[in-house]
Amino acid sequence: MASPAPRSLSSSSSSSSSSFCPSISPPPRSPSRASLPFSVKCNTVEPLKLVNGKPSVPILDEQSLPKFLHSKRLESSVNRSNTRLKLFSGLANPALAKEVAWYMGLELGKVKIKRFADGEIYVQLEESVRGCDVFIIQPTSPPANENLMELLIMIDACRRASAKNITAVIPYFGYARADRKTQGRESIAAKLVANLITEAGANRVLACDLHSGQSMGYFDIPVDHVYCQPVILDYLASKGIASSDLVVVSPDVGGVARARAFAKKLSDAPLAIVDKRRHAHNVAEVMNLIGDVKGKVAVMLDDMIDTAGTITKGAELLHEEGAREVYACCTHAVFSPPAIERLSSGCFQEVIITNTLPVAEKNFFRQLTVLSTANLLGETIWRVHDDSSVSSIFQ
């Protein structure tokens, strides 16, 4: 019997090898990088600048190691060429993966990722991972289903190639908001996704600022929760705002614990809460403000900004209550329409986000500042690989 004809690959297929993101090139690694001072402030957190008319996101350089990271592991191991640690990136956020690899002094592993003409995903590792400690950097960001499936197939490929350990590094964990039933006959999709990642062959998950703490319990494998607050705190501290002028605001009751912890680290600033009622998905109505913001610089903190309805209505209320300036801070910038229109409408002095999700050029606006989490993720990966403490990074 004749063998079946091979399926054709779509013309839009792409590869996540070292050439997949030509627009953002990491600086060359220096053999003396391990001896750099760690007291220098992070300078990757400047607002976006225009280069030849196009927005440019600052990338890591030799002076960009944030002060809260003091890695003895980096000093002793960053230049080891015989490490059994392998970093791979999916196609969801290759720029972040490149920055993480640069910080760690490693090259991204070579992997071919393509799409068949019918939309199916093809993954082939182009180097051996046998006996290696493999870390796959792939946020399950929009399009969530496609990026999730790509992650699962990459995990499966590593497992079948005899990797010793496989860690799924998920800067943004899609479906995290579907963490409980709010009505009858609903799915708990966060638990389902956790099961899929586990069954695919992952031994560990590393995730940034999960929407709710209980999501960690949905996994039957260890989960390292990376808190990105130090990155934002470091940036706010560099702005020189008087501590007596600050107030941290939670945009809803569910984020009070997060905002309280943030306020304590931000010069023990006072806390305010926006009480709102949600009548439908992606629709929020601001009802009341608990706390005093008159004449203050209000820092609104949330784990993510999706349509920006909650945080924008909260900012409007803060201005009505006499706030001098309002800053919006979040880890995950989902930016579903009409988020950009709302955020750039003038309610915010600055919108501070991180690069756990890639931000399309069309979504850049004047008040936007993008902070890099690459140092934090790279340090966490080293410590997981070394069986060292991760929680000590955030103490």
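Backbone N, Cα and C define each Cβ position, glycine as well.
What Swiss-Prot says about this protein:
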- 1-33: region 'Disordered' (REGION)
- 1-23: compositional bias 'Low complexity' (COMPBIAS)
- 1-42: transit peptide (TRANSIT)
- D209, H211, D220, D224: Mg(2+) binding site (BINDING)
- 295-310: region 'Binding of phosphoribosylpyrophosphate' (REGION)
- Message: If I take every residue in the region 'Binding of phosphoribosylpyrophosphate' (295-310) and average their pLDDT values, what number comes out?
- Response: 96
- Which residues, given as numbers and ranges, are at least 6 beyond the ends of the region 'Binding of phosphoribosylpyrophosphate' (295-310) yet have a Cβ under 8 Å from it? 172, 209-211, 232, 236, 241, 245-252, 255, 258-259, 262, 266, 269, 272, 276, 282-284, 286, 318, 322-339, 342-343, 351, 353
- Message: Counting Cβ atoms within 10 Å of each candidate's own Cβ, which of the binding-site residues D220, D224 comes out highest?
- Response: D224
- Would you mind splitting the region 'Binding of phosphoribosylpyrophosphate' (295-310) into helix, strand and coil residue counts from DSSP? 2 helix, 9 strand, 5 coil
- Query: Within 10 Å of the Cβ of D209 (Mg(2+) binding site), how many other Cβ atoms are there?
  - Reply: 23
- DSSP, reduced to three states, assigns D224 (Mg(2+) binding site) to strand
- Query: Going along the chain, which residues six or more apart from H211 (Mg(2+) binding site) have their CB under 8 A from its CB?
  - Reply: F173, A176, R177, D179, D303, M304
